[in-house]
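See below for the structure under consideration.
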């Protein structure tokens with residue numbers, strides 16, 4: 001009798017498991033009850049989001065949770081497009097002389113993106129035309145994060161002053177050829193760290209970008225003596241080109257010093273220089289690139305007070321910045337809210353704006369049919385501190401990443417807000 005009961009019980013369990021296994025779901029993931037902010041589509045309200053086959057398939061006021069294989073409880077949380085960090089250094093490696101090019105100053109992508117709500121990054125010039133294919137094989141092809149790249153105008157990439165100050169290493173034609181070989185990955189040309197007093201590197205970077213029909217990003221280095229920003233913005237660069245480290249520089253340039261990067265705020269008047277406003281109207285993009293020491297309150301505070309906010313927020317993430325004032329995208333976003341930048345503008349500058357800047361408008365939004373790259377944040381309330389190399393401030397809010405979804409898969413889940421919680425293999429995700 002015991003054997004019969006046991007057999008019947010086993011058959012019932014088998015039947016239940018079979019029925020469960022055969023249950024079909026309309027959606028792979030349903031995000032319930034979150035406050036959706038999607039700058040592209042001008043959405044700023046409570047909505048549910050449904051995902052299937054790696055894409056967003058529905059946004060609606062009330063999606064039946066029973067239709068989702070996984071259900072995410074986003075009540076009280078903000079749901080945004082996955083963040084796009086326009087300025088990182090992820091060409092990590094073991095070349096001790098390589099610095100950011102296959103060297104120890106760079107970082108591996110996935111460990112520093114998903115906990116920050118970042119699903120797409122742009123490596124800003126760590127590789128050049130000579131080294132890009134190593135970077136692609138070693139990092140881009142092995143990452144779940146979508147890793148895009150700007151090629152350094154220096155063929156070796158960001159490998160220290162010996163290369164970065166050598167004009168003979170700067171080949172516009174070969175840089176453009178490599179960019180055109182990989183149009184799905186290469187989105188720009190980067191000029192960085194040149195300290196000579198000549199426009200030749202700028203001209204070659206712009207020429208390479210023109211040949212490949214992509215953007216230029218300029219880190220204006222520390223020319224000795226300095227080169228005028230007015231000429232860079234309003235003569236050399238084209239509309240749509242990007243000036244990073246916008247709130248950095250040497251405030252003493254033009255006052256007590258002739259060396260370094262000219263600031264955008266006049267330290268004598270504490271006002272934005274007139275040519276900066278002219279450049280913005282012309283279409284020059286101002287990017288943050290916070291970095292280890294490339295952000296100053298003395299520059300950003302008067303700019304923000306005048307309503308001059310960055311087009312895009314980015315980290316300049318590397319070993320020298322990851323544990324300092326910068327920390328992460330959500331930390332910078334929280335800092336800027338504390339400085340008076342509206343929350344919706346902060347989200348736009350971290351999602352839709354950078355997507356447009358790199359001509360990848362399929363990204364940075366929650367449109368139906370778009371890839372399901374999504375971030376979910378808790379906007380914490382309290383007393384929080386933020387600092388830079390020239391001071392500190394307090395804020396009332398801090399963004400904390402609750403969940404990151406990449407291509408429809410939950411890749412980061414801080415507080416187990418999905419039901420059921422399904423472990424996803426850490427496999428590279430093709431672009």
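Here the Cβ of each residue, glycine as well, is placed from N, Cα and C on the backbone.
Feature annotations, courtesy of TrEMBL:
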type	residues	note
SIGNAL	1-21	signal peptide
BINDING	87, 89, 190, 316	Zn(2+) 1 binding site
BINDING	190, 245	Zn(2+) 2 binding site
MOD_RES	190	N6-carboxylysine
DOMAIN	305-411	domain 'Amidohydrolase-related'
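Counted with DSSP, the domain 'Amidohydrolase-related' (305-411) comes out as 23 helix, 37 strand, 47 coil. Geometry remark: residue 190 (Zn(2+) 1 binding site) versus residue 245 (Zn(2+) 2 binding site), CA distance 13 Å. Compute the center of the Cβ atoms of 87, 89, 190, 316, which mark the site for Zn(2+) 1; besides them, the chain residues with Cβ within 8 Å of that center are 88, 122, 123, 124, 125, 126, 150, 192, 217, 219, 244, 289, 291, 314, 317, 318. Across all of the domain 'Amidohydrolase-related' (305-411), the predicted model scores a mean pLDDT of 98. Residue density at residue 316 (Zn(2+) 1 binding site): 26 other Cβ atoms are found within 10 A of its Cβ, drawing on all protein chains shown. A gap of 14 Å separates the Cα atoms of residue 89 (Zn(2+) 1 binding site) and residue 245 (Zn(2+) 2 binding site).
Over all protein chains present, the Cβ of residue 245 (Zn(2+) 2 binding site) has 26 other Cβ atoms lying within 10 Å. Cα to Cα, residue 87 (Zn(2+) 1 binding site) and residue 245 (Zn(2+) 2 binding site) are separated by 10 Å.
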